[in-house]
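Structure first, commentary second.
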Amino acid sequence: MDARLLTAGCVDDLVLLEEVGEAAVVANLEALFKKGRIYTGLGPVVISVNPFKPIDGLYSVGLRNKYQTRHRHELPPHVFAVADTALKASHAGGACSRQCILVSGESGAGKTEAAKRLLEYIAATSSSSGGGATASRSPIHEKLLGSNPLLEAFGNAKTVRNDNSSRFGKYMTVELSPSGGIVGGRVTNYLLEKPRVLTPASGDSRSFRERSFHVFYYLIAGASDAERKALRLAPAGGYAMLQRSGCATVRGLDDAREYGAMRSAMAAAMAAVGLAEETQSAILRLVSAVLWLGNVAFAASGSGEVGPRDAAAREALEHAAPLLGVDVATLTKSLTHRTISTGLGERITSPLAAEECAATRDALARALYARGFDHLVLLLNQCIAPGGPSSASIGILDIYGFESNSFEQLCINFANEKLQQCFISLTLRAEQEVYAREGIEWSPVQFFDNLVVCKLIEGARPPGVLAFADEETIMPKGTDESLLSKLEARLSGHGHFRVEKAAGGALRGDFTIVHYAGEVSYSCRGLLEKNRDTLFRDLGARPATAGAQFKAQMAALVDTISACEPHYIRCIKPNDDKAAGKFVTERVRYLGLVENVRVRRAGFAYRASFERFAGRYRVVSASTFPRSASRTMVFLRSPRDLLALEEAREQRLHVVAQMLQGGLRRFVARKRLAKLKTESQKLFNGQKRRRGSWVLQWSGDYVGAAQNATVAKLLSRHGDGGVLFASTVVKVNRAAKSQERILLVTARALYTLKPGSWAQTNRVPLAALSGLSMSTFADGFVVVSVNAAECDRDADLVLSSPQKAELVTVLKDAVSRLGRPEPLAISFADTLEFRSGKGGLLARGTECRTINFYEDTSLGSKARAAVLNADRARLRELRELQVRIPPALASNAALQLAATA
Ligand SMILES: Nc1ncnc2c1ncn2[C@@H]1O[C@H](COP(=O)(O)OP(=O)(O)OP(=O)(O)O)[C@@H](O)[C@H]1O
Ligand SMILES: [Mg+2]
């Protein structure tokens, strides 16, 4: 899960494919998908293939931590990697502090899931950066994450393509404080699919497989008895608009449970902004009123007057009116009459025909619901509004996918065209900028620029589809048919547009636009009505048409995105059946992926900063890498080169792993020793004239004892742990003879070992040590005093070590860690006492002997070593050891520290 895949034919980044063709791209995606790898890179873009089933560990905390702590290049592509890149870029500050992540793909491709994972990552990782590692999530994180169930209840629905299809566009920004913590957020919503409120008209083949917005079903399934009463809810099955759907329940979706989740999200959000229970129930009353409005049918009476058709219709009005806070007569009249202002300031009210009444009712229901949704977003925004200054932000765009047929879908597909524009201009621009900055030559690649399709839809001069629709909408005699004729006359010559005709040449009633993602046909039926927004027909001032409003929203969105550094996730739906693990190659084939790979590959398959490149592949070669013509980056034209490098790196890695283990050990030891060195300076400084040996590197283990198998066995037999110090020393034995030994110190004992065989000659528990004494000269002698009561050893140790300061410091530190009350006594004198072993050369009468240190100028100014008197006759005579110190190690030596003692 956390290792990169870079084998030929199965690379986790499409840019590294040997061969760039549709078949190769699709085969590679499929190979990864079959391994449970749903994420694939396309350079910095992450492609996500919907698995339609949970994948173990894919969003685990452990994996999240890896993406947080390791470099993106070391880990396979993942939505976490995208979120992390955006977060890190936002922390970089400056002009880069505005980031956006654009999630695209058709309906059911996994956009909303991806957006949730992105938000989760940002919430989880920025809470720790803001409030310390132990800080629990602050309420703002909860509120941001909690906004999802609420928005989904009101804005999502079961469709043919997706059981939880987002029927609105959403752009959520997370505002970050200078320290990287979340301070708040904001949701911008785009064009809710209003007609869905009333579900597809009966007779529509989709009606049996699609539902209205979730909240209607949630409410009916989950409301308590008290709520049912207050909201005037009819029993399930009592609503015409819900009855029209053939799938009032959805497998795997528990409406009642979802209602509970939605209510608690609502309660949490509303409470946070101090909005009472009343606001929540007002929203639910609106939902109930819309349900009742759906039951109001109209018919003309015998006198020709149009009114509620029957008792059921009247009952519906009687419920809807109080829920909306109006009286029944007012509501009835507003649905059955039209008021027009004349030019002379008069208002004329005229009755409507039965179908017109139904259209007005539908428009009212849709508008009420859509406004309720807008209001909900407004309340949520109050709830998550930034509570402090923000210096950076990350936006996540979860826009709708491509759909076919209606006016809403034209708007949605237009939104996708606009985003594709952003994608093209931002990625190509970015690409070219890199090449220019690095001084690299490249020839631009041909790609389809969809600007031409954007203009076809939104153009003003020459007018595009929306402009013609607006023109026709305000014409008193404008109809869907007249619009279609106009489109035919004015746009037929356009390469991306055609009006569909029947065999005889008559217009069929729909037109086709060739979008960047394929051809889509749109029906003209009802288009003008939707564009006009019937509800406002009564108003004097003409409101902006729906198309114009959407165009303005898209322009604002494009402005926002253009001011951000973009990151992309492209979601792919691998089959049409929502089937787990099924990959239908035909479905994936045309997604413009190949083109994208080509654009990215036009120059170089792989690019990385020189440091990063060298960092990853340094292990492969001992010599330095040649730099390319580039200034700061390494570019590889052929993916094969990268794969070869990866293979070589893989082979080297096990060797490197061993090196690393050793390196880590040394690093830990060095850190420990560096600390000890500071203590050593305190210990010796001012106490003793000696060489400043602490300017030398302390390395603890000078003889490789830690890697020796005999030593390992020995230490484990005693349960002694690791080597703290090991070095060659000279030990003075009881016969006053010098012997070479390895002195080894662990956390529990001190050993002497025979060089070569590593055989143990002594083991003294550190607990038995009572003191260390040294001369005031810069010699290497140390007397290690042993408490005989603590061990079976009857003599002290007399040693000479080239790392005396280090040895003494390590011993003192290790003894202090044993937890015994008195520290190891350290003393300095030029006459030291020690206990010699019984029967030794010096052991006549008493075991207590002395070592005398004195400066001997006869050794000459060049001598650097202290000399132990080895004259046996003299030894017997004096009954003491003598150490002659050369002038270089004595008081006047340049290398010495001044003695203040
Ligand atoms: N990463 C994933 N892991 C497991 N299942 C997933 C994943 N992504 C999506 N799905 C499944 O696919 C379903 C559809 O995904 P999602 O709702 O995110 O699609 P969408 O692209 O937002 O579609 P729409 O445009 O209709 O809103 C989810 O409800 C879930 O069951
Ligand atoms: Mg969605």
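Our numbering is plain: 1 for the first residue shown, then up by one each step along the chain.
Backbone N, Cα and C atoms are what each Cβ position is placed from, and that goes for glycine too.
The domain 'Myosin motor' annotation in TrEMBL covers 9-691. The average pLDDT for the domain 'Myosin motor' (9-691) in the predicted structure is 82.
E106 (ATP binding site) falls within neither a helix nor a strand when secondary structure is assigned with DSSP, and so counts as coil. Here TrEMBL flags G105, E106, S107, G108, A109, G110, K111, T112 as ATP binding site.
Summarising the annotation, TrEMBL assigns region 'Actin-binding' to 554-576.
What TrEMBL lists as domain 'TH1' is 687-881.
Look at the region 'Actin-binding' (554-576): DSSP puts its residues at 9 helix, 8 strand, 6 coil. Of all the binding-site residues given, namely S107, T112, the one with the smallest number of surrounding CB atoms inside 10 A is S107. Among the binding-site residues G105, E106, S107, G108, A109, G110, not one has its Cβ under 6 Å from an atom of ligand 2. Mapped onto three states, the DSSP output places T112 (ATP binding site) in helix. Residue environment of G105 (ATP binding site) contains 26 other Cβ atoms, counted within 10 Å of its Cβ in all protein chains.
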